[in-house]
Amino acid sequence: MSDSHVNNRHSKALRDGKLVEERWAQVQVGDVIRMENDQFVAADVLLLSTSEPNGLCFIETAELDGETNLKCRQCLVETAEMGQDDARVGAFDGEIICETPNNLLNKFEGTLTWKGKRYSLDNDKVVLRGCVLRNTQWCYGVVIFAGKDTKLMQNSGKTKFKRTSIDRLLNFIIIGIVFFLLSMCLFCMIACGIWETITGRYFQVYLPWDTLVPSEPLGGATVIALLVFFSYAIVLNTVVPISLYVSVEVIRFAQSFLINWDEKMYYEKSGTAAKARTTTLNEELGQIEYIFSDKTGTLTQNIMTFNKCSIAARCYGDIIDETTNDVIEVTEHTPHLDFSNNPNYEPEFRFYDSTLLQAVRKCDEDVHSFFRLLALCHTVMPEDKNGKLEYQAQSPDEAALVSAARNFGFVFKERSPNSITIEVMGQREVYELLCILDFNNVRKRMSVILRRNGQLRLYCKGADNVIYERLKAGNRELKTKTQEHLNKFAGEGLRTLCLAVRDLDEVFFNNWKHRHQEAAVSMENRDEKLDAIYEEIETDMMLLGATAIEDKLQDGVPQAIANLAMADIKMWVLTGDKQETAINIGYSCQLLTDEMVDIFIVDAHTFDEVELQLIKLRESIRSVAKQQSAPTASEYQRGCNVEESENVAGFAVVINGHSLVHALHPQLEKLFLEVSCQSAHIGVGISGQEGMQAVLASDYSIAQFRFLERLLLVHGRWSYYRMCKFLRYFFYKNFAFTLCHFWFAFWCGFSAQTVFDPMFISVYNLFYTSLPVLGLGIFDQDVSDRYSLMYPQLYTPGHSNLLFNKKEFLRSALHGFFTSCVLFLIPYGTYKDGVSPKGYVLSDHMLLGSVVATILVIVVTAQIALDTSYWTVFNHFMVWGSVVWYFVLQYSYNYIIGGRYVGSLSMAMQEATFWFTTVITVIVLMIPVLAWRFYFVDVRPTLSDRVRLKQRSRQSQDVLRTPSARRTRRSIRSGYAFAHQEGFGRLITSGKIMRKLPRPNGDFFFPPFNHSGPSSTFTSHLPTGSFDDTSDI
């Protein structure tokens, strides 16, 4: 939508206490405006008052981040009292001090000074341009950023234009062709000068050049040669493929639709199809060497389930065989616990260890404290939907923990800005909410401070290493046993979280609260100051236990990663898990395998230690690599046994977050990249449970990670294969066509005469050869999609640019050079001094040009027919239709339009000489091509040749490939990650943020959040946060 269109929208602004219709272009910073339901917001606005209780308003941010679920914003309680009194709102005279314009959509810092008091402002009190007001009748706000200063416009900078490696190679080749053109023109100029000096001077007397060409032979020859240079630049300019880029873009555009229409990349559950969001990178998908992937929501389903826990040094969650005392593995048929006695239970909740439920029913104090913390320490919002209690959480891990507490009898019921209500075993408990110490990536924890019955208590949950650093001295046995359980959970691929509690003194808390308020209204380094304040109170805590949550892998992830590895694609996965968890998840998704030579762990805390470990790693890889016969490009060219699919043993690197900081230091970056990767070029977004921002920022989007295998190994490889074959043929046909003029120059005195009809020159690329080559670039395939997935090694040529490079270009150019030579010399030799049986002279310029043009069209069409590996109805129509179209157009041109070449082709076709010449020329040109191909297919076949032969010989057989790797250990489980959006706690404590709903047994509060399907990405997407050890990778 254009900016002018937005600026011409109308809104109501307060002028002298009255609402006036104004265009958005006339609204300035400081104006107070009224927004109404379903209205587009075209400026960044600080909320003053709304129609909803407690100053709430609800917005849709689809234009900002692609998410359609409603988000809640709330104004200050003090300004909300103004309501819709235009006079009071118009008289608002507060002073707002805020940050400078920036592009951070999820962060805003500022202060409001009004009536002698200072108030802290954050992102929850601001409505940004691009939002749409929903479920809110009206709201008032003061404009803080307008026009180009809005956050939306700050994000709409210039988009980085990505070029493929083939594009860069083409640019180099085109420059070389231009120099080749200039060289031919220079040669023809010199040859013309020599010819004019020796022979042409006898003809100058007959030409009216007295005023242009000196009568002196040498001077005349020089002038004519200079003119011929520019004439040949025009005649031979078709060697520079001007139409190439148009054809390339048409092919890419069509290939993008083939990706969008692929039903095998359609995810039925969400109704999401693959989408090519760009049309310029398709063939680059066939040359990928490295994949960088987030884990949560990318490799996993991002659906968290409470799996196990550790409470008071006792582990819960495993089913123990009473006879053998062994752990029984949970299957689909394992009976789960019955929670139906709990009126608030969730039927879909699954837990199998009955000892935990028994401990709850026996009122075990430690177990009750554990679940009480889970029910209280969070930012979840309750919602009543048709009498059913539902939770709206900012992260799936919080929802899983609150849900677990609910099913075990600790039900989170209500929330207000100042209180939290839970129901413990049917008994209602109300806690005064004093403060929420919000989560962020640095803290890796969150806490709440509550008061009940005069007792102050801090509840905290977070990453184990962070919690352990802040525990009270003593209880060594509890800490040691819990740490053992944490390591056990991590070894099973579960995400761990520690829980702790601290009783607070009233005097200490009041002093701390005063300092907290000062930090909250600070304009400089607010987050850092708040973190420092939080550190003061999150100490001397008592350990309660730990949780273990599972996020199952998406279907097909292990096999997809295994096949990508077989295609020689290296993969890096970013996760916030502990090191043990990360390694186990690597095994579960086949990122790591038992066949690997070694798994190198970089776990150092200083620059020098990281450097030393990287050097050892590099040397180890080099020494082992020398002993292995790794597959190379030449081996692909020679081919390999398609019956075997063994992989060369590989390496794996696990690098922790604190080590990665040093590894990315400029002095170590090159060393680190030597053992890892170079750079990323394509972004692929996965639409899942985390928002649409990654999809909107991506080049391609898919619904499941397993579709990446098909996107790369099928569509990527096909696109690269088609583009390379298209380019080779395009250059061949252009050289074959253009160089005929060059050979003709030797028999026309280098006078820049054309051998073809000018009309034929004009339409050669457009009418006669464009459709066949487009069909080749869009539809051709060497092997089917099934065999492309069955043999991932077929993908490897793209890594080394084997199918199109400088060598392949020179081969195509030389092929065209040879073709043009034969095309001209055979007809010339046949028709020179020739006479038909009827007495017609055949040595005619127009007749020779028509014959050569006809043979040229037939030869290049025959060549593309040989190059086509996969025939469709469209290919047949384009290839054979082009030949028919040539003759139709020639006859129409000769007999309807007319010209110098009228009748030349028809007269030539009446003679046997024409047909004899055509057959001989085609045979001479095709036999070497066929001989070359038969030699390489029989003697030096590539892997593609072998697979294609296998495919043809087994068309009637159902060849199924078994998975390349299987899970072999019980401890290899699914992986996941915690993701928690920071800042949500401020919204809860800043004022009343819930709507009241009438209920028979009291009031119930909820925000109208609607979750829709979101996304993650695996090129540049990093998790927004984690309760766990986000420093471990």
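Glycine too: its Cβ is placed from the backbone N, Cα and C atoms.
Just so you know, TrEMBL annotations are computer predictions that nobody has curated.
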Of the residue ranges 647-664, 809-826, the one that TrEMBL records as transmembrane segment: 809-826
Distance [Cα-Cα, Å, rounded] between ASP294 (active site, 4-aspartylphosphate intermediate) and ARG495 (ATP binding site): 15
Stretch among 169-198, 218-246, 809-826 sharing the most Cβ pairs under 8 Å with the transmembrane segment (759-779): 218-246
Number of other Cβ atoms within 10 Å of the Cβ of PHE439 (ATP binding site) across all protein chains: 28
Cβ-based contact of the transmembrane segment (726-747) with the transmembrane segment (913-936), 3 or more pairs under 8 Å: no
Region pair the transmembrane segment (809-826) / the transmembrane segment (913-936), three or more CB pairs under 8 Å: yes
Stretch of maximal Cβ-Cβ contact with the transmembrane segment (913-936) [cut-off: under 8 Å; candidates 169-198, 846-866, 873-893]: 846-866
Stretch-averaged pLDDT - the domain 'P-type ATPase C-terminal' (695-941): 90
Close approaches to the transmembrane segment (169-198) from elsewhere in its chain (Cβ under 8 angstroms; 6 or more beyond its ends): 217-218, 220-222, 224-226, 228-230, 232-233, 236-237, 239-241, 244, 727, 742, 745, 749-752, 801, 804-806, 809
Other CB atoms within 10 A, centred on THR296 (ATP binding site): 31
Number of Cβ atoms other than its own within 10 Å, given for ARG495 (ATP binding site): 31
ASP294 (active site, 4-aspartylphosphate intermediate): tally of other CB atoms within 10 A of its CB: 25
